[in-house]
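Quick look at what Swiss-Prot lists:
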BINDING   G18, L19, S20, G21, A22, G23, R24, G25  ATP binding site
BINDING   D69, V70, R71, S72  GTP binding site
Amino acid sequence: MDAHLENGAGIDVVLVTGLSGAGRGTAAKVLEDLGWYVADNLPPQLITRMVDLGMDAGSRITQLAVVMDVRSRGFTGDLDSVRTELATRNIAPRVVFMEASDDMLVRRYEQNRRSHPLQGDQTLAEGIAAERRMLAPVRATADLIIDTSTLSVRALRETIERAFGGGASATISVTVESFGFKYGLPMDADMVMDVRFLPNPHWVDELRPRTGQDPAVRDYVLGQPGAAEFLDAYHRLLSLVVDGYRREGKRYMTIAIGCTGGKHRSVAIAEALMQRLQAQHGEAQLSVRVLHRDLGRE
């Protein structure tokens, strides 16, 4: 059984927050579809009251998700007090922080022709920057950070479902994400590894148009001197980290593997690493998926 359910007298609490335009509404809809009771834009001081109602005998609320944003007065300061107050009820709420790159947020606001809640007389970019600064302390203590910059609605739904669709699951959810350094670092990565030390298939004419998912490219990358040794060593390191996460009660982990463009080397290594993690730990202990962030961008 989920530790949050065991400690919380039968109620699991998730606080969904993050940057405006990063997908809080979509996350809320997915949670609602999964059977969670969702309260949107509930002021922090009313959260404990809602939890108390859910803990009352006869209440059918066992999974409560609260969507919060900076328009709630005293948001950042009150959030800590809410967590402290819930701790007195033996409830440790999980905080989900939604974010996206500045460029993507600007694009979304321009497409929807909406103003940012903190924009005021400033530019849209300045409003986004102000919110990012304001929410930095919240992001630093979040249990799960979801970067929606390159996620489709379907991919976001799958991410939420994996994290919260099985309330009784005690597995650790691991995402192995390939990316290209020239497109920037993944904002939600817990660990980043650079595999540009391996020869680049881009310079092999017959391999250039293919990707790291192609058997010929995979064999080329994994057959390079040092590739197998690197996989062995990095897999051992990740196994230690996974065990540490489990001891600390953490449930989510994103491992980013980068090469120049995110097309060949990082893709092949990410696929191989995912297979090794699955083979060693099994689905009962580890839920592993692979995500190729920049595949198809070239």
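Here the Cβ of each residue, glycine as well, is placed from N, Cα and C on the backbone.
Where Swiss-Prot records a feature, it is marked here on the structure.
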residue: G18; record: ATP binding site; Cβ within 10 Å: 29
residue: L19; record: ATP binding site; Cβ within 10 Å: 25
residue: S20; record: ATP binding site; Cβ within 10 Å: 22
residue: G21; record: ATP binding site; Cβ within 10 Å: 24
residue: A22; record: ATP binding site; Cβ within 10 Å: 24
residue: G23; record: ATP binding site; Cβ within 10 Å: 24
residue: R24; record: ATP binding site; Cβ within 10 Å: 23
residue: G25; record: ATP binding site; Cβ within 10 Å: 13
residue: D69; record: GTP binding site; Cβ within 10 Å: 18
(request) Work out how many Å separate G21 (ATP binding site) and D69 (GTP binding site) at their Cα atoms, rounded off. (result) 11
(message) Give me the CA-CA distance between A22 (ATP binding site) and D69 (GTP binding site), in Å, as a whole number.
(response) 11
(request) Return one of helix, strand or coil for S20 (ATP binding site), based on DSSP. (result) coil
(request) Give the sequence-ordered set of same-chain residues, not counting G18, L19, S20, G21, A22, G23, R24, G25, with Cβ within 8 Å of the centre of the Cβ atoms defining the ATP site. (result) D69, M98, E99, A100, T148
(message) Give me the CA-CA distance between D69 (GTP binding site) and S20 (ATP binding site), in Å, as a whole number.
(response) 7
(message) I want to verify one value. Collapsing DSSP to three states, which class is G25 (ATP binding site)?
(response) helix
(request) Indicate whether D69 (GTP binding site) is helix, strand or coil by DSSP. (result) coil
